[in-house]
Amino acid sequence: MLKNNLGYPRIGSHRELKKACESYWSGKISQSQLLEVGGQIRRQNWLLQQQSGIDLIPSNDFSFYDQVLDHSLLIGNIPERYDAILSGNAANNQLDQYFAMARGYQKDGLDVKAMEMTKWYDTNYHFIVPEFVKNQTFKLSSSKIFDEFSEALALGISTKPVILGPVSYLLAGKEKEDGFKRLDLLTALLPVYEQIIEKLLALGAQWIQFDEPCLALDLGYHEKDALRIAYGQFSTKFPKLKVLLTTYFDGLRDNLLAASQLPVAALHVDLVRYPQQFTEILGSLKESTAISLGVVDGRNIWKNDYQQSLTFIKEAIAKLGENRVMIAPSCSLLHSPCDLALEKDEECLPAQIKDWMAFAKQKLSEVNDLYEISANGKQELLTANQASIESRRASALIHKPVVKERVAALTEADAQRTSPFVERQKKQKSLLNLPLFPTTTIGSFPQTDDIRQLRARYKKGDLSTEQYETSIEEHIKSAIEWQENIDLDVLVHGEFERNDMVEYFGELLNGYVFTQNGWVQSYGSRCVKPPIIFGDIDRPEAMTVRWSSFAQSLTQKYMKGMLTGPITILQWSFVRDDQPRSTTMLQLSLAIRDEVSDLEKAGIKIIQIDEAAIREGLPLRKADRKAYLDNAVRSFRVASSSVKDETQIHTHMCYSEFNDIIESIAAMDADVITIETSRSQMELLEAFNEFNYPNEIGPGVYDIHSPRVPTTEEMVHLLEKASTVLPVENIWVNPDCGLKTRKWPETEAALKNMVAAAEAVRKNITEAL
Ligand SMILES: Nc1nc2c(c(=O)[nH]1)N[C@@H](CNc1ccc(C(=O)N[C@@H](CCC(=O)N[C@@H](CCC(=O)N[C@@H](CCC(=O)O)C(=O)O)C(=O)O)C(=O)O)cc1)CN2
Ligand SMILES: [Zn+2]
């Protein structure tokens, strides 16, 4: 029985990789220093996994930015526009070209945009979307996967290289030209995979892990056929190769036969997300195929219930024999924080609650424990585990009857604004009196080192509350003056008091605990520290009113109140697994609803409730979507419907492919929605157009994930494009998302250009009339 791990967090337990990458990008360290940090992290991870008793230790799960982008380089899928990065006198090499693809490049007389980025399945991890053209060719173009295998081997560890499977890779990308389908490229792609396999086998690899998470999606005949062709071909050409095929994030369901009949040495399944089909899977495996049991949750932080996992392990052994069973986490541990042992602050995380948890490092031990219990009869490990599980189950900390009663008492009327949108719009237009194409931003302004240090010093106790709040007020004051100067129409306070749009609220709500070091990669060097919901949620006191009313008191212009909505708070927290997500979401809705009412009472006329993560939380399988969307819409409406008609409710969503959920977006009935659209050149608006989306929309006119400054002309162009599909009186002008990750100089330049673009478009329209 092998102990298998699919992937380990690569950020380093103190975010060493983040710090090194950002230092390299700003010219503070050399490339060789950056490479050295990468090497140290890999070494530590491999040794840790070895010490934890893992047999199948992954390599090539490390990445300086994103593993999908690494894969595009591996197979030589580099869009032509990035060729320029390597030529000329800039002395760039492949790593710089790689970062240019991820982040854009605007120096040495070059101006190249970043590639599109989007969410990886239903996670908060973002990948760089592969681009495909009609006569796409592929060519082995990076040695990373081989170098890392050799590097581990030099440490005495024979790893299992991890590679994104050809079908999931093709499906993750986008056609950039008409006249072909990306799956047609399989034939051109497979020879490069074969070269990779051949080289890895020559280096001594035994197992190769092929990730095919697309098996968790609704697949048609062509996709299943592509899997059959690819893995059929690998097994024919490489009889010695041991393929470990993985699927995760949902069950196989109707893809069971498509997966179980593939000629692979082992099939990994996610038994946390979808235990229902387990017996059926065991019964349908080919005789030569082993099963890797994904029993330890790679997506949440709760301690594994050994008793429950052991039932799977026992059943698998009984049916297949020990040699055909592996124990594993459900998916790559990329999505887990690194090490629970680093949490030492009882105020953030009380010992009693900490005892219920496991982070990546602890999850490796859990895999090992499960092995020790089932193979070596170490019952004491089971006894200790069951004591923790039982203490959580029976804990009085978790349950608050008043909260449960309030959720149970919610009515239809609680989820309903007073008047329909058309009437609200009239009242709002006459009250707010904004120009056509009103300009605004999404909420946050740059989180400078200054502000982070301020927060860090306050947390440490080096600053008094008064000193801290005075400094935050100064930041707000100068942000408001600054926005008035560049002549934005609707202002924001800048979110300087927030570490993160979800963590901040988690810290202010009951029912949450949080960590000091529980970082998880979101994209590139950006990490999040999801707060943890362990019990029933309520709001002890107003959370944002103090800052919003202070900000509003400084200006005649309208200030947007700024909240994170229930769907997003839930999606970006680690959630309890002892009640349905929809129940927790409604508890959050009520907390936000009370905050909305308090903001309105304090005189705030525009309130934005961010639902950045609505699309990300959408179930991967169509069959599950309606229930999710109904709950999500209801939750948003409960959060937003207490206000009078004149109060304008905004929402904001990022990375959204809305085509399939546009009805639900409309059903949320926000007066204004701001969305990400710029990297996809407003493609998205077609869905709003086709559906005749009635409410107001701010299609983002520039990409904030890149430091590149957009020109006025390109934003005018995007706004004109938007005007052809949307009624002009419904269009707002704003960036794609918040500006917290940007620096002030580029923010200033970009927003000035944006205001100029709005003015130009207004002028064109007036002249045309
Ligand atoms: N939860 C969440 N998910 C999201 C987003 C989001 O905003 N939040 N946005 C979308 C894109 N994803 C993003 C994810 C992270 C960040 C981001 O900026 N993260 C920050 C960390 C934010 C944070 O919590 N900062 C804390 C802690 C800061 C810190 O690093 N402190 C230093 C000490 C202070 C210093 O001297 O710098 C330390 O602990 O070492 C704070 O500001 O208070 C980062 O990686 O740099 C941005 C976008 C989608 N998903
Ligand atoms: Zn956003």
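Cβ from N, Cα, C; glycine included.
Quick look at what TrEMBL annotates:
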- 4-317: domain 'Cobalamin-independent methionine synthase MetE N-terminal' (DOMAIN)
- Arg15, Glu16, Leu17, Lys18, Lys119, Arg526, Cys527, Trp572, Glu616: 5-methyltetrahydropteroyltri-L-glutamate binding site (BINDING)
- 437-759: domain 'Cobalamin-independent methionine synthase MetE C-terminal/archaeal' (DOMAIN)
- Ile442, Gly443, Ser444, Glu495, Asp610: L-homocysteine binding site (BINDING)
- Ile442, Gly443, Ser444, Glu495, Asp610: L-methionine binding site (BINDING)
- His652, Cys654, Glu676, Cys737: Zn(2+) binding site (BINDING)
- His705: active site, proton donor (ACT_SITE)
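Summary: among the binding-site residues (Leu17, Ile442, Cys527, Cys654, Cys737), the fewest other C-beta atoms within 10 A of the C-beta are counted at Cys527. Close to ligand 2, meaning a Cβ under 6 Å from one of its atoms, is not one of the binding-site residues Lys119, Gly443, Ser444, Cys527, Asp610, Glu616. For the recorded L-homocysteine site, residues Ile442, Gly443, Ser444, Glu495, Asp610 set the reference point as the centre of their Cβ atoms, and the other residues of that chain within 8 Å of it by Cβ are Thr441, Val492, Met501, Met562, Gln608, His652, Cys737, Gly738, Lys740.
In the three-state DSSP assignment, the secondary structure recorded for Ser444 (L-homocysteine binding site) is strand.
DSSP classifies His705 (active site, proton donor) as coil under the three-state reduction. Checked against ligand 1, the binding-site residues Lys119, Cys527, His652 give Cys527 as the ones with a Cβ under 6 Å from it, listed in sequence order. The Cβ neighbour count for Glu616 (5-methyltetrahydropteroyltri-L-glutamate binding site), using a 10 Å radius and every protein chain shown, is 23. For the pair Arg15 (5-methyltetrahydropteroyltri-L-glutamate binding site) and Asp610 (L-homocysteine binding site), the Cα-Cα distance reads 27 Å.
Across the annotated binding residues for 5-methyltetrahydropteroyltri-L-glutamate (Arg15, Glu16, Leu17, Lys18, Lys119, Arg526, Cys527, Trp572, Glu616), the two most widely spaced Cα atoms sit 27 Å apart. In three-state terms derived from DSSP, Cys654 (Zn(2+) binding site) belongs to neither a helical nor a strand segment and is classed as coil. Under DSSP, Asp610 (L-homocysteine binding site) is assigned to a strand (E or B) in the three-state scheme. Note: the CA-CA distance between Ile442 (L-homocysteine binding site) and Glu616 (5-methyltetrahydropteroyltri-L-glutamate binding site) rounds to 19 Å. You'll find the Cα of Cys527 (5-methyltetrahydropteroyltri-L-glutamate binding site) roughly 14 Å from the Cα of His705 (active site, proton donor).
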